[in-house]
Every structure is written in C-alpha cells, then in structure tokens.
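*Asks:* According to TrEMBL, the feature transmembrane segment maps to 9-28, 48-67, 79-101, 113-130, 172-191, 197-225, 306-328, 348-371, 392-409, 429-457, 469-490, 516-534.
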Amino acid sequence: MAGGEKRRGLSKSCALLIVIAGIERYAFKGVASNLVTYLTDVVKMSNSRAATTVNTWSGFTFMLPLFSAPFADSYWDRFFTILASSSLYFVGLVGLTFTAFTGSRSTTKTISLYFLYTSLSLVALGLGVLNPSLQAFGADQLDYDLDHDNDHEPSSENKEVKSNRKTQFFQWWYFGVCAGSLLGVTVMAYIQDTFGWVIGFAIPTASMLLLIFLFLCGCGVYVYADPDLKAKPFQRILEIIKERVCGRNKITLVNDHDLNAMELELQDQKPLCNCSNTEANTTTKSLPDDHKSCKTGFSGLETVKLLLRLLPIWTMLLMFAVIFQQPATFFTKQGMTMKRNIGPNFKIPPATLQSTITLSIILLMPFYDKILIPIAKKLTKNEKGISVKERMGIGMFLSIIAIVIAALVERKRLKISKMMKTTPNLDPVSILWLLPQYILLGISDIFTVVGMQEFFYSEVPVSMRTMGFALYTSVFGVGSFVSAALISIIETYTSSRGGKHNWFADDMSEARLDNYYWLLAFTSAISFLMYIVICKHFKSRSDDDDQCDTNC
C-alpha cells in the first residue's frame with residue numbers, strides 16, 4: 001500500500017463473503033434446527049425415524065464436500081461453482097416450501113415423502129458444494145490481501161502479522177456464521193411454531209435468493225484465480241497411481257503448460273516437499289531465490305500421504321460431531337416434554353434453545369480473544385497463546401462435560417415424569433434446565449470448530465484448499481452417519497427386549513435418552529484420550545516451516 005502502510009482490517013471482498021456466509025447459515029438453520037419437529041408433528045414420523053432422517057440428511061450434506069472438493073480444486077471455477085450450487089440450494093428450498101404448502105391444502109394433510117426427500121436432497125447437494133467453495137473463495141481473497149499488504153521478505157514480524165490476519169479472518173467468518181445461525185434458530189423456530197410451516201420455509205427460501213443477488217453484486221471486487229495456472233493435485237494423485245501400477249517411476253511433462261504447472265506446484269505445495277516455506281497461504285507469486293532452494297520436488301504419492309497423516313486426528317473428532325447432532329434431534333424432543341411457559345400466553349419453542357449455543361459463542365468470543373488468549377500468551381510464551389491442536393482438545397473435553405450434564409438432566413426429567421403419573425398436580429421439569437448443556441456446547445464450539453477450520457486450512461497445500469475445508473465439514477458429515485447408525489443399532493437391540501426397554505420410545509416418559517447420553521460420554525472420553533496420544537506424535541506444517549527457516 002502507499003507509503004508502506006499495511007491495512008489491518010479485512011477487504012471488501014472478504015467482508016461481503018462473510019455476510020453471504022451468514023445469510024446461508026440463516027437459511028440452513030431456519031430449516032435444520034426445527035426439522036425434527038416438522039417430521040414428527042406434520043409428517044408423523046416416529047422419534048427414532050425422524051432423528052435418523054435428520055442425521056442422515058445432515059451426514060449427506062456434510063459428506064458431499066469430500067467428493068466435490070477434488071473437482072472444485074482441479075477443474076471447476078470457484079465463482080461459477082458457488083453460483084450454480086447456491087441456485088440448486090434455492091431450488092431445493094422452493095421444493096421444501098411446496099411440500100409444506102401442498103400438505104396444508106390437502107384434505108388428508110398428507111405429504112409426499114418422495115417429493116420431501118427429493119427437496120431435502122437438492123438442499124444437501126447445493127449446500128455440500130457451496131460451503132467449502134465459499135470458504136475457499138474467501139481464503140483466496142485473504143491470500144491476495146496478505147501478499148499485497150506485507151513485504152515479501154520473510155521476517156518474524158511479517159509471519160506474526162499474517163498469522164494474526166488469518167486468525168482474524170476465521171474468527172470474523174465464524175462470527176458471521178454464528179450471527180446467521182442465531183437469527184435462523186430463534187426467528188424461524190418461533191415463526192414455524194406460531195404461523196405455520198409454509199411461511200416458515202418460505203422465508204429461508206427468500207434469503208437464499210438474496211444471497212445469490214448479493215454474490216453477483218460483488219463481481220467487481222472479487223479476486224479470481226488464473227485458470228491457466230490452477231494446479232490439479234488430484235489429477236496428479238491419479239497419475240502417480242497409474243505410474244506405480246505400470247511400473248514407471250516418473251511423470252512426463254508433455255508440454256510447456258505442464259512444465260509451468262509443475263513450477264507453480266513446486267512453489268505452492270510446500271508440505272509435499274522436504275522443507276517448506278514459512279506461510280501456508282502462499283499464492284501464485286514466485287518465491288525469493290533463497291527460498292526456492294528449500295524446494296526438493298513434488299510427488300502425487302506425497303499428496304496421498306498428506307491426507308492419510310490427517311486421518312487419525314480427523315477420526316478422533318468424530319465423537320465431538322456426534323454430540324453436536326443432539327441439539328437438533330433429541331435435545332429438541334426433550335424440550336417438547338418439559339415446562340415451556342413464560343407467562344400465561346407464551347411458550348418457548350424447543351428449537352430456539354439451540355440459539356443459546358450461538359449466543360454463547362458470540363458473547364464469549366471477545367472474552368476468549370481479548371482476555372484468555374493474552375493470558376495464555378504470557379504463560380506459554382506462544383504467539384498464538386494456545387496451539388490449534390490444544391484448542392480443539394479443550395473443546396472436545398467441554399463437549400464431554402456437556403453430554404454428562406445432559407444425561408443427569410434427562411434422568412431428573414424421567415423421574416419427575418414418572419412421579420406425575422401418580423401425582424397429577426406435579427409440574428414437569430422446566431425447559432431452562434437444558435440451558436447448561438447448550439451453553440457448554442457453545443463454549444466447546446469456540447474452541448473446537450474454529451480450531452478445526454484453521455487446522456485443516458493450515459495442513460493442506462494451497463491448491464487443495466477446498467479439500468481442506470471439505471475435511472473439516474466431513475467430520476460433521478461422518479459424525480451424522482455415525483449418530484444415525486448408533487440410533488438404529490441401539491433401537492434394534494433395545495426394542496428386541498420389549499417396548500419398555502426401548503431407549504428411543506415415542507412416549508418420552510418411557511424413553512431412556514439418559515442411557516444414550518452416558519454411552520456418548522463414555523465413547524467420547526475414549527476418543528479424547530486417543531486424541532491426546534495422537535497429538536503428541538503429530539508433526540504439523542508449522543513445525544516443518546520452522547525447520548525450513550533454520551536450514552534454508
């Protein structure tokens with residue numbers, strides 16, 4: 001910038017994409033947060049089937065980026081990918097609104113399950129492609145800002161500035177996501193419970209139309225990657241497999257374009273080399289000569305190894321994702337059986353309690369950033385206060401405490417429910433008893449979810465950035481499938497012992513959700529202990545960067 005001044009805030013393109021991410025979360029949470037109520041009360045599904053449906057839908061939504069990311073990274077233009085996927089998302093919401101409309105107009109009040117599942121599948125397909133592409137597109141804008149606002153000469157000051165700017169971007173991104181989620185959960189749950197499901201689905205549909213309009217309005221401020229210089233890491237993976245199968249040991253560059261692509265790959269794919277450059281977010285600019293000496297070469301096999309080395313930590317995060325499926329399913333069903341009155345005329349919609357997760361994030365994020373981190377910096381002598389892996393571990397531990405509290409509250413609710421059968425004048429447990437578990441999940445979210453975003457962003461090469469975000473979202477996708485599988489297995493086993501033993505009975509006074517929560521707490525504790533062991537032996541890219549700075 002002029003005069004050597006460095007811009008401290010985020011660019012217009014980053015800010016606009018953060019707003020767009022918030023609108024997308026508003027639309028998604030406006031549907032997902034109360035979907036289990038729609039399925040049980042309107043579609044007339046059982047509790048277990050509704051929970052399995054929501055978990056499977058969420059799993060498909062969050063798993064899809066893992067399959068779309070290779071194409072987004074290697075072949076698709078991110079701008080048009082975002083435009084196409086958001087349009088598909090919009091069509092799915094239109095279909096979902098139409099199912100609610102036809103159901104309300106039908107004399108039998110029945111809803112076509114085929115049309116409902118098709119609409120939900122379109123939403124999942126659009127969202128699964130949109131989310132990682134939107135985040136990667138935002139990271140492209142951030143990379144451009146960092147390269148133009150800082151000197152190219154490596155220094156400890158520039159490294160700290162870039163690190164702080166990356167953290168600022170992810171925190172503001174997450175703040176936008178949380179703000180949209182908060183509005184979606186609170187406003188839409190109330191509208192759906194009070195004014196009906198047609199308008200309750202129509203408003204998220206309109207917000208997606210607004211998202212598309214705003215995204216198109218930003219065409220003039222976005223930074224676009226040069227398609228001619230775009231690396232193709234997953235194509236390289238297929239090439240190296242083919243070469244190994246055929247018994248050949250090298251990849252032949254057939255023309256100048258491939259040679260240029262390989263030169264770019266040597267500059268960008270730092271973790272795939274023996275010694276990497278300082279920053280994970282290097283763009284398509286050439287590195288100084290002294291840093292080029294750090295580069296030793298590129299191999300598609302190294303890309304496979306890179307993904308495999310992240311697999312153990314990725315696996316240990318799955319139980320955290322399983323716990324995070326509970327607020328939208330069984331926590332909400334719990335709330336429907338509890339005392340929800342505030343005054344004579346107002347009842348708290350159970351799904352709105354999910355807003356306390358988001359609200360606790362928004363309120364406590366400044367405390368984390370302005371108080372906790374400075375204290376941690378002084379104690380640990382670490383410029384970030386706590387490492388990303390430590391941040392994720394703290395959140396995992398807090399989520400275990402939250403599910404233990406949920407088990408204790410559910411046991412108390414069951415005890416009162418059984419007493420009410422013999423003592424009719426006894427009031428049910430207040431829904432406010434659920435607040436501690438929601439708040440603790442919000443606090444754990446600050447640590448683990450933001451940490452996961454930064455971890456996978458930093459541990460993958462630049463040209464595989466969409467895959468990095470896909471790895472993050474796929475944790476929640478596989479976690480949803482694990483949750484759905486657990487419910488199916490447990491219901492099959494407990495139902496075979498007689499109806500009164502079914503943990504997920506439709507009669508919530510007979511269900512044993514407390515046992516399910518204890519099971520989640522136990523498996524999550526094992527996963528947390530294994531995570532600690534794995535982290536002790538995990539070597540991050542930042543460690544390689546420090547070694548490169550020393551040797552090069």
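Note that Cβ sites are derived from N, Cα and C of the backbone, with glycine treated the same way.
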*Asks:* Under a Cβ pair cut-off of under 8 Å, which of the recorded stretches 9-28, 306-328, 429-457 contacts the transmembrane segment (197-225) most often?
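*Replies:* Most contacts with the transmembrane segment (197-225): 9-28.
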*Asks:* Would the transmembrane segment (113-130) count as touching the transmembrane segment (348-371), if touching means at least three Cβ pairs under 8 Å and pairs must be 6 or more apart in sequence?
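*Replies:* Between the transmembrane segment (348-371) and the transmembrane segment (113-130), which are separate recorded stretches, there is no contact, as judged by 3 or more close Cβ pairs.
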*Asks:* Under 8 Å for C-beta pairs, could you tell me which stretch among 9-28, 306-328, 516-534 has the largest tally with the transmembrane segment (469-490)?
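*Replies:* The stretch with the most contacts is 306-328.
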*Asks:* Six or more residues out from either end of the transmembrane segment (348-371), which same-chain residues have a Cβ under 8 Å from its Cβ atoms?
*Replies:* 29, 33-34, 37, 171, 174-175, 178-179, 181-182, 185-186, 189-190, 192-193, 327-328, 331-336, 338, 340-342, 431, 434-435, 438-439, 441-443, 445-446
*Asks:* Take a look at 9-28, 48-67, 172-191, 392-409, 516-534 and tell me which one has the most Cβ pairs under 8 Å to the transmembrane segment (429-457).
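*Replies:* Most Cβ pairs under 8 Å with the transmembrane segment (429-457) come from 392-409.
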*Asks:* Considering only Cβ pairs under 8 Å, which range in 9-28, 48-67, 172-191, 306-328 makes the most contacts with the transmembrane segment (516-534)?
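*Replies:* Going through each listed stretch, the top one turns out to be 306-328.
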*Asks:* The transmembrane segment (9-28): which same-chain residues, six or more beyond its ends, come within Cβ distance under 8 Å?
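*Replies:* Hits for the transmembrane segment (9-28): 86, 89, 93, 127, 130-131, 134-135, 137-138, 141-142, 144-145, 168-169, 172-173, 175-181, 183-184, 204-205, 207-208, 210-211, 214-215, 217-218, 221-223.
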*Asks:* What parts of the chain pack near the transmembrane segment (172-191), using Cβ distances under 8 Å and only residues at least 6 beyond its ends?
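*Replies:* Same-chain contacts beyond the flanks: 10, 14, 18-19, 21-31, 33-34, 135, 138, 199-200, 203-204, 349-352, 354-355, 358-359, 361-362, 365, 449-450, 453.
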